[in-house]
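Here is what TrEMBL records for this protein:
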{"type": "REGION", "residues": "1-30", "note": "region 'Disordered'"}
{"type": "DOMAIN", "residues": "29-203", "note": "domain 'Josephin'"}
{"type": "ACT_SITE", "residues": "C42", "note": "active site"}
{"type": "ACT_SITE", "residues": "H152", "note": "active site"}
{"type": "ACT_SITE", "residues": "D167", "note": "active site"}
Amino acid sequence: MESGAKSVAERDEEGSSAMVGGGDGGSSSSKVYHERQRLQFCLLHALNSLMQEKESFTRAELDGIAGNLVHIDPNKEHWTPISLIFKPHHNVFTGNYDVNVLITALEARKKKVIWHDHRKGASSIDLDADELFGLMINVPVRRFRGLWTGRHWVAIRSINGTWFNLDSDFSAPKEFQDREKLIAFLDSILSQGGEVMIVLQDE
């Protein structure tokens, strides 16, 4: 599969960020911002890569969003002591934020998140829409040699006309050769139980 379509990978525990030259052969001369994976903060890394800005979002901000969501959680009265660590919207030590944190965070940046209907192929996504900001995907993953399974957030963004996979598990962004390769990648994600979210400008 193209540009990291593999859905199962060993996850790095060290995080970093870098600006790298996009593309090869001069196909994209822009600098592409990309953050590396640390613990379960993949949503934080994906959001910053999507926004193409270091610390556009911070752990403190996402923790605050998750905390506010907890206050309005209708099931809070049924929590157990372990819920203080494995809260509904994140893990207080490692991150692991959920989709509610994603949506609330992006809405604070005047973005709108739309779930793509997984019954439809990726070709139904209008990649030329003026309001399209990027894509966020959520894929099943396996860590620690298969002993732990979970979900992983990945940002997909068009930068100067070139689409990039900004997966924080990669050592550098991966460029899609063309739109057909991007659509094939998204279809593979959907077929493996992943979710695709369309991020739109909401101004």
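Placed from the backbone N, Cα and C atoms, the Cβ positions cover glycine too.
Predicted automatically and left uncurated, TrEMBL annotations should be read as such.
Since this is a predicted model, take the numbers as computed values, not measurements.
Note: the CA-CA distance between H152 (active site) and C42 (active site) rounds to 6 Å.
If you measure from the Cα atom of D167 (active site) to that of C42 (active site), you get 9 Å.
Just so you know, the Cβ of H152 (active site) picks up 24 other Cβ atoms within 10 Å once every protein chain is counted.
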